[in-house]
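Here's what TrEMBL has on this protein:
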{"type": "DOMAIN", "residues": "556-710", "note": "domain 'STAS'"}
{"type": "TRANSMEM", "residues": "78-103", "note": "transmembrane segment"}
{"type": "TRANSMEM", "residues": "115-135", "note": "transmembrane segment"}
{"type": "TRANSMEM", "residues": "209-226", "note": "transmembrane segment"}
{"type": "TRANSMEM", "residues": "238-260", "note": "transmembrane segment"}
{"type": "TRANSMEM", "residues": "280-307", "note": "transmembrane segment"}
{"type": "TRANSMEM", "residues": "319-337", "note": "transmembrane segment"}
{"type": "TRANSMEM", "residues": "366-386", "note": "transmembrane segment"}
{"type": "TRANSMEM", "residues": "406-425", "note": "transmembrane segment"}
{"type": "TRANSMEM", "residues": "437-459", "note": "transmembrane segment"}
{"type": "TRANSMEM", "residues": "466-483", "note": "transmembrane segment"}
{"type": "TRANSMEM", "residues": "503-528", "note": "transmembrane segment"}
Amino acid sequence: FGMDPPPGRIGRTRHLSIAEEESENYLDNFYNQRDKRRVSFVQRGAMNQAEFDEKFDYSKPHQENEVKRQAKKFAGRFCIPFSSCFAFKLFIFDLIPILKWLPEYNWKSDLTKDIIGGITVGVMQIPQGIAYALLARQPAINGLYASLFPPLIYMFFGTSRHSSLGTFAVVSLMTGMSVEKLTKPPEGDAAWNSTDIIDYPTPTEVSCAIAFTMGLIFLITGILRLQILTTYLSDQLIAGFTVGAAIHVLVSQLKTIFGIRGLKRYSGVGYLFRQLYDLVLAIGQVNYVSVGISATSIMILICGKFLNPIFMKKIKYNIPIPFELLVVILSTIFVYVTGVNTTKAVQVVNEIPSGIPEVSLPRFSLIPQVFADAGGIAFVSAAMWLSFSKTLAKSEEYQLDSGQEFFALAVSSMGSSFIPTVPISCSLSRTMVAYNAGVTTQLSILFSSSLVFLVVFFLGSLLETLPMAALSAIICVALWGMLEKFKTLPELYRNSKIDLTIWIFTFVATIVLDVTLGLIVSVGFALLTTIFREQFPKWHILAMVKGTYDFRDCERYGQAVYFKGICVFRFDSPLLYYNVERFKSSAHKAYLDWQKSHEFYVLSEERNTIWQSRIDEIDEDNLTPTTMNTQAPDIISRHFVIDCSAFTVIDLMGVNALKEVFSDMRKRRILVYFANAKAPVREMFARCNFYKKVPKENFYPTMRDATSIARQRQMELGFKDTEYVPDKDNIVDILSSHPY
């Protein structure tokens, strides 16, 4: 490069400071070797991969067995904390993060923000806790317990400063479905049987069993560091699933909004449509007082959505008016004053016990029955929690520990399962309210829980006449934000039709199938689209960008030029068993397209020989040739370069496919070159004895090396080296029409 040579190969036993000093000296020489401000470079000569590796001292790095490495890493997490007192102290501080951030808490600047934000969230938690408990087929008090105790536990162990733990509509819906499958139908239900002697669990027992099982799943996931599994839920999949689940929630609340009782419970594939059918048949049983309460509540809540931004703009602070709490208070007073719960049979919450909740062990015998449902709920809950929490953490520039988050969720979920509760998750609406209200630390949880504590221990009896219709209205309006995700579909259509397909498929599968089954099928479909994209990737013929050594897709760059007799082919995918046939057919199509272009021919004597032989055939047989014999007997002047840069991974079938392409091209008297092959791929070739079939000299470190060697060989055969061939002939037209 026209400068001092780089430092010698760094030995493995040298001290790091020596290596750093040599590197620093080398960089100083690189930039300060001359007084000229601009450094000149001398291009190295073309060479194959073997020569390149030898010249620049390539060696395979020492790699420990992956199983042993992961086993040591796993064991180290449990052994290192006990190696010294200081290490144990760090372990405890990492395990209980409140010990780190509370002593550093800025009481002067952050306390006011946390108090205001915490109270604002607490005001939302009260009506949502009651409403989502009923959605989960639980007593109302269970939702308040879930809004009180799990967040307090999370405050000690969690690392997210803004996420609001508690009840969530989708999780409550999935819990309610599991409860309906395992518990005895309520009296008045079409499936109720007074002579049934089966020992059915209670709804609370099922809910606590789900919460405990979710905690176990979170704990195992955190210990084994399996949080990567949540990445299989893409943003589009989650969006389609939540909208589909919102439709389930909406339909489940219609009977309460209309005050209809005694409908049969369904579960399984297509249950939503059967439920809607029964609802239509029972339309004559509508309770108009319930409809009036629901309609009034919905109008108040919708008005609140429009008025709150105006109100917050006026006061210049992000504290919304708690319209949900306002609906709860007004509807409770209305029913208490009018007594419509007895005269018009309006459903109400009834007794909400006050005081300390009863502590008991979960019903462990239910774990096998709820494990599948709990796994689906945990999967959804964790994916939404991490994606949202990471976004806020990145926005506020603080570190979120995914492994610690799973441990915090595990402790919170398992700890709350010993009291009547509802499975917990992150509420997006409450989290955004907390974020906009200026919450700075987890201490805000203390103030939101204090408000819920007042209701649970002192004010619960005042809510006994709270109408169920008002709670259903709160749930339905809360779905507004989820249903607004339909607005993203046009943008998805413009940006990525595959992501749009995933969104729509997940939405339809969630509605048509059960919620849990729909999620499983949708994850499988999303993974299948990834396989299809790699199974049927695009391929390109490359050309050199004029005036550079860069090779790019010739159909995208007008200033791309070709070398006669040289075809550069790229297959845009790892080479694995499911796309090797596609690779071989693509290489063949590239050869046929190349054959039709003028760049296929190089030597005049070869070209004349071909055409003369065909003319003689026409004269003798008086026939029009349909194909040309492109094989010259003594001259190999055509070169096929395969760009291996996209081969990040290759398997045995991929190796065999390369052997086949190499053999087929050589039968056509075409030299084959492999360029830009990554080191792990070349090591795979060595293990598979690939170099016995394909000489190692056919591999080149860059495209420039491969094409330069090819042109040198052409000149050795008598071809006059022309600089560039700007005329692309009809190759671009051919490429634009061939199927990808």
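Placed from the backbone N, Cα and C atoms, the Cβ positions cover glycine too.
Because TrEMBL annotations are produced automatically, they should be read as predictions rather than curated entries.
The stretch from 238-260, 319-337, 437-459 that makes the most Cβ contacts under 8 Å with the transmembrane segment (503-528) is 238-260. Counted over residue pairs 6 or more apart, the CB atoms of the transmembrane segment (238-260) and the transmembrane segment (366-386) come under 8 Å in at least three pairs, which marks the two as touching.
Spatially, the transmembrane segment (366-386) is not adjacent to the transmembrane segment (115-135); fewer than three Cβ-Cβ distances between them are under 8 Å for residues at least 6 apart in sequence. For the transmembrane segment (209-226), the residues of the chain that approach it from at least six positions outside its boundaries are 74, 175, 178, 201, 362-364, 366-367, 369-371, 373-375, 377-378, 381-382, 403-407, 409-417, 421-424, judged by C-beta separation under 8 angstroms. Residues 127-128, 130-132, 134-135, 140, 169, 242-243, 245-246, 249-250, 253, 256-257, 259, 290-291, 293-294, 297-298, 301-302, 305, 324, 327-328, 331-332, 334-335, 341, 346-349, 428-429 of the same chain lie 6+ residues outside the transmembrane segment (466-483) yet bring a C-beta within less than 8 angstroms of a C-beta in it.
With a cut-off of 8 Å on Cβ pairs spaced 6 or more residues apart, the transmembrane segment (437-459) and the transmembrane segment (280-307) reach fewer than 3 such pairs and are scored as not touching.
Between the transmembrane segment (319-337) and the transmembrane segment (115-135) there are 3 or more Cβ pairs closer than 8 Å, counting only residues 6 or more apart in sequence, so the two stretches are in contact.
Across the domain 'STAS' (556-710), the prediction's mean pLDDT works out to 79.
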